[in-house]
Amino acid sequence: MTTDPSVRSSARAVLAIGILVGLVLAVETALSTPEQVGIASTVYYYAGEAALAGENVYAVSPPAYDGYTYLYPPIVVLAFVPHTLLGGETASLALQTGLNVVAGTGIAILVWRALARRGVSLERVDYALVLGFTLLSSHAITQVIQGQVTLWLAFLLAAGFDALERDREELAGAAFALAALVKLFPAAIGLWLLRQRAWRAVVAAVVTGCGGLLAGALVFGPELTVQYVTEVLTGRFRDSTFDGAPDPDRTLVTVRRLFAALGFGPGLLTPLALLTLAPFVAVLYRRVDTDERRLAAILGTLVATLLFMPLQPLYFSLLAFPLLVLLYRLPAGRSRHLLVAGVCFTYAMFSLEMVALTLDVVPVPAGPETAILTVFETVFTAILPPTIGMWLLLIACVSICYDGETAAQSVPSPAD
């Protein structure tokens, strides 16, 4: 445990900034795009309605959100039947908001417990900041506003990591598999399970994941599961890739964006992304002999996964467990500076439209204004500020693995 007061101060500052940015985003959403409020929970409501009526859950859209459809495996729709039974879209959002509060609180409790195992004592302000971060920060607030299920995926990942630390591999594997059953890409945590030789967790994950798909086929018929695999799942990622130069206003934080901006075709984006990110993960997995290095390997795996997939910045909450533990645990030095800078950059979720609006407010001559917009358009075509933050986090993870100060202050295991 580090006793440097600057570590505690910087952790508090980072969390407070994240919460403040999240609250600003909430106000901005309510004022400028109120249609985003409850958009996901409304989709869940109509998917549950279709399931109860025996209809194809992938063929229905809410009246107010034409084109938005249910995207998860058939069996998962049963979790949204209670939303439908409440009888309205507003009630569905209220239920999902309550569930998200439970999930965010659960993540905070798991982080508190992980820090306690490591001998990190928290004061009341730290408890409040961790809880506020998991619920209200820019990493989480959009999910709460839209009524998304992503916070529950973040909770499942945190529960899985917590279970691994307590040598409850079967529980860990099941938790990871449930998260992957919903969004698929959390299955990348399987790489970490293989690296740790957590074979019981691997078996539990495979059984849980395959069991979920099989249950969907038994309950709803095999045709719906086949449609999910061959149409819905492949369509999600096909529609989220780039064909030509990326739109600077499109908020996909992925390394594929840079390669697309450089002129590479859609068929090359996936292999190029894999070739770029795989060496980072390989480096992280070479040295996992201390607690910080293991946390860095976990965080790096998650960050690399988000950089690989064509995703929006809705999934930063999945980083919560290793990120928050490292923020309170990592000693001062180069690695910590990179970590803090990376987190702060992930808060910078501003778009080209926001830059244009700012220039309209600030008195800038027409010539320089056009030049500034051109520069931002060029940069945002290739890379977005949150993507820079993700790269800084990934570099921080590598730095942790080779940082002498980290090695000197680390302990073999939080359980020791």
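Using N, Cα and C of the backbone, Cβ positions are placed for all residues, glycine too.
Model, not experiment: these values are computed from the prediction.
Annotated transmembrane segment per TrEMBL: 93-115 (among others), in sequence order. Among residues of the same chain six or more beyond the transmembrane segment (93-115), those with a C-beta under 8 A of the stretch's C-beta atoms are 37-38, 40-42, 44, 82-83, 86, 122, 127, 130-131, 133-135, 140, 143-144, 147-149, 151-152, 154-155, 158-159, 161-162, 165, 317, 320-321, 324-325, 328-329, 414.
Per TrEMBL, the feature transmembrane segment maps to 127-159 (among others).
Summarising the annotation, TrEMBL assigns transmembrane segment to 171-194 (among others).
Taken from TrEMBL, the feature transmembrane segment covers 201-220 (among others).
Sequence annotations record features per position, and here TrEMBL assigns transmembrane segment to 258-285 (among others).
Annotation source TrEMBL lists transmembrane segment at 292-308 (among others). Within its own chain, the transmembrane segment (292-308) has Cβ neighbours under 8 Å at 157, 161, 185-186, 188-189, 191-192, 195, 253-256, 273-274, 277, 280-281, 284-285, 315-316, 318-319, 321-323, 325-326, 329-330, 387, 390-391, 393-394, 396-398, 400-401, 406-407, 409-410, counting only residues six or more beyond its boundaries.
What TrEMBL records for 314-331 (among others) is transmembrane segment.
If you look up TrEMBL, you'll see 338-359 (among others) marked as transmembrane segment.
For 379-402 (among others), the entry in TrEMBL reads transmembrane segment.
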Checklist entry - Restricting to the same chain and to residues at least six past its boundaries, which positions have a Cβ under 8 Å from a Cβ of the transmembrane segment (338-359)? => result 10, 14, 17-18, 21, 25, 137-139, 248-249, 251, 313, 316, 323, 326-327, 330, 369, 372-373, 376-377, 380, 385-386, 388-396, 399-400
Next on the checklist: Under 8 angstroms, Cβ to Cβ: which one of 127-159, 201-220, 258-285, 379-402 has the largest number of such pairs with the transmembrane segment (314-331)?
Outcome noted: 127-159
Checklist outcome for this item: The answer for the transmembrane segment (127-159), taking Cβ pairs under 8 Å and residues 6+ beyond its ends, is 11-12, 15-16, 18-19, 21-23, 25-26, 29-30, 36-42, 44, 92-93, 96-97, 99-101, 103-108, 110-112, 171-172, 175-176, 178-179, 182-183, 186, 189, 302, 313-321, 324, 346-347, 349
Checklist outcome for this item: Given the transmembrane segment (258-285), its same-chain partners at Cβ distance under 8 Å and 6+ residues beyond its ends are 191, 195, 241-246, 293, 296-297, 300-301, 304, 307-308, 381-383, 394, 397-398, 401
